[in-house]
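*Asks:* A single structure is presented below for examination.
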Amino acid sequence: MVSIRLPDGSVRQYEHPVTVAEVAASIGPGLAKAALGGKLDGELVDTSAVIDHDASLAIVTDKDPDGLDIIRHSTAHLLAYAVKELYPDAQVTIGPVIDNGFYYDFAYHRPFTPEDLEKIEKRMQELAKKDEPVTRRVVSRDEAAGYFRSIGEKYKAEIIESIPESDEIKLYSHGGFTDLCRGPHVPSTGKLKVFKLMKVAGAYWRGDSKNEQLQRIYGTAWTKKEDQDQYLHMLEEAEKRDHRKLGKQLDLFHMQEESPGMVFWHPKGWALWQQVEQYMRRRVNEAGYLEIKTPMIMDRSLWEASGHWQNYRENMFTTESEKRDYAIKPMNCPGHVQVFKHGLRSYRDLPLRYAEFGSCHRNEASGALHGLMRVRGFVQDDAHIFCTEEQIIAESIAFNKLAMSVYRDFGFDHIDIKLSLRPEQRMGSDETWDRAEQGLREALTACGLQWEELPGEGAFYGPKIEYHIKDALGRSWQCGTLQLDMMLPERLGAEYVAEDNSRRRPVMLHRAIVGSMERFLGILIEHHAGAMPVWLAPVQAVVLNIAESQVEYAQSLAQTLQKQGLRVTADLRNEKISYKIREHTLEKVPYLLVVGDKERDAQTVAVRARGGVDLGVMPVEAFVERLQEDLRSFK
């Protein structure tokens with residue numbers, strides 16, 4: 001007798017072992033038809049999985065997030081099936097699920113073209129309509145490797161040969177195609193109805209640039225056509241908002257091959273940067289942080305003591321001078337500990353909050369670089385709080401409130417919070433972890449925030465809160481973190497004198513709100529589509545003269561506004577006013593101030609707001625008041 005507990009708490013009993021599909025059928029024909037897989041005692045399995053013991057089971061359908069993952073994984077295999085049918089000489093490698101879709105890497109003697117993608121997608125549709133059953137069999141490692149070598153699939157054989165001999169190997173087949181995979185997969189190809197191939201890109205075998213170059217075909221798959229249409233529309237919008245395009249269009253920054261992963265900020269882009277940095281500086285100062293500055297290059301011995309040299313060296317830029325090894329800092333924390341250690345600290349000094357707009361460098365792979373979003377040189381709005389264990393909750397509450405307020409000010413209202421909990425391998429006692437995790441929970445609760453818990457995802461030295469902001473297109477970006485660290489103060493010898501005169505280690509809270517300034521600016525540019533709020537805009541207004549006779553008035557007006565602390569320029573070129581208006585409209589300037597003879601004589605301005613809104617003619621003082629009101633409403 002096998003007893004199976006369902007999500008509603010009911011228990012079904014079966015005389016003999018049953019498959020997930022059979023359980024679904026016993027519940028109802030509709031569920032049997034909709035079943036894509038099952039969650040057996042928390043593990044995702046195929047509908048063909050046999051249950052021979054008492055267990056809990058949830059039937060997975062296309063209404064579940066896991067169901068969509070199964071569909072995408074199976075569509076990646078369908079892609080490989082179609083490619084092998086159309087291009088038998090192509091060799092298959094790997095095909096995982098990624099955000100919003102999947103990809104599959106192929107080795108082929110010529111590049112795949114857009115026309116090839118159309119043919120492949122059409123063949124995928126034909127194969128899906130055949131509704132061929134997807135079957136699974138478990139074989140030994142040697143049998144699997146031998147099979148793939150016999151059909152000339154050297155990459156698959158190499159993957160299998162790297163797997164421990166004792167491991168079971170799963171092979172999935174549909175039609176004439178067999179692939180190595182951990183699964184699970186849909187029960188038949190007819191479940192795959194909504195998909196599209198997106199693009200081809202280069203990739204290296206096993207992600208190593210020393211290996212052969214492969215071709216990576218990206219695709220997307222969904223349960224409903226409306227969802228796919230919405231996603232494709234979002235991609236169109238994202239392309240229009242691409243910060244790399246807007247950076248060029250708005251003359252904010254550029255990047256070039258002579259300095260890969262580093263940013264050349266232009267005057268307007270640097271003005272935007274300064275607004276963000278000055279705002280963040282004001283907020284951390286108000287929150288009781290002390291701003292410091294630490295060296296960019298430090299001796300190897302410090303990085304060895306912190307553990308970075310042993311565990312992070314390949315991502316660090318290193319140099320040598322006078323027979324000493326140095327590294328450019330990839331992060332600011334070891335330097336902050338040195339400031340804390342400089343002098344005797346008392347419990348009365350705690351909490352001690354150090355902030356730094358710290359310039360860091362990481363040796364990211366060139367293929368991973370992506371505009372401002374993934375760079376090698378970046379500045380973090382970094383800070384470290386040194387406190388006692390009893391102060392963790394209060395400091396976490398204060399940080400949560402600060403972070404949420406900052407995100408709102410920048411126009412982000414939807415924040416997802418995730419709490420990463422203890423991993424299996426960790427330092428510290430269970431009691432210490434209990435207190436640390438519960439402290440972070442209490443801090444989130446005190447702020448009225450909801451969160452998702454991620455068991456096992458914390459660092460080995462402490463739990464962590466992550467802040468994921470959603471932009472105007474619904475995309476999620478992780479920006480802020482609050483990481484509790486029980487290790488670094490010990491490794492680097494940080495201590496304070498407790499109330500009983502004993503020496504104790506402080507708890508260290510690593511925290512950032514925007515994270516990488518470069519990346520955050522990229523997110524801001526895309527979120528606002530380059531049309532920055534007035535308080536952030538590099539140029540808040542441009543004065544445009546219609547003819548030569550208004551040049552002096554236009555210059556005087558711009559200077560008057562600049563003296564009020566406003567970011568205003570004058571465009572005095574001998575061009576048609578319609579041309580100048582169009583140009584500055586494309587630059588997304590919040591206000592255009594047009595002056596002709598009438599405005600000059602009356603000491604007024606004709607004001608056009610962003611979006612082509614005509615605000616009419618008004619005295620200069622009235623416009624200044626309007627702009628100041630925009631700024632006051634933000635503050």
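In case you wondered, yes, glycine gets a Cβ from its N, Cα and C as well.
Just lifted these from Swiss-Prot, have a look:
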BINDING   Cys333, His384, His510  Zn(2+) binding site
DOMAIN    1-61  domain 'TGS'
REGION    242-533  region 'Catalytic'
*Asks:* Can you give me the residues near the recorded Zn(2+) site, meaning same chain, not Cys333, His384, His510 themselves, Cβ no more than 8 Å from the center of the site's Cβ atoms?
*Replies:* Met331, Asn332, His336, Val337, Asp382, Ala383, Gln483, Asp485, Leu488, Met508, Leu509, Arg511
*Asks:* What residue among the binding-site residues Cys333, His384, His510 has the most other CB atoms lying within 10 A of its CB?
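*Replies:* That would be His384, with the highest Cβ count within 10 Å.
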*Asks:* Could you give me three numbers for the domain 'TGS' (1-61), the DSSP helix, strand and coil residue counts?
*Replies:* 14 helix, 25 strand, 22 coil
*Asks:* Over the span of the domain 'TGS' (1-61), how high is the average pLDDT in this prediction?
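*Replies:* A mean pLDDT of 93 is what the predicted model shows over the domain 'TGS' (1-61).
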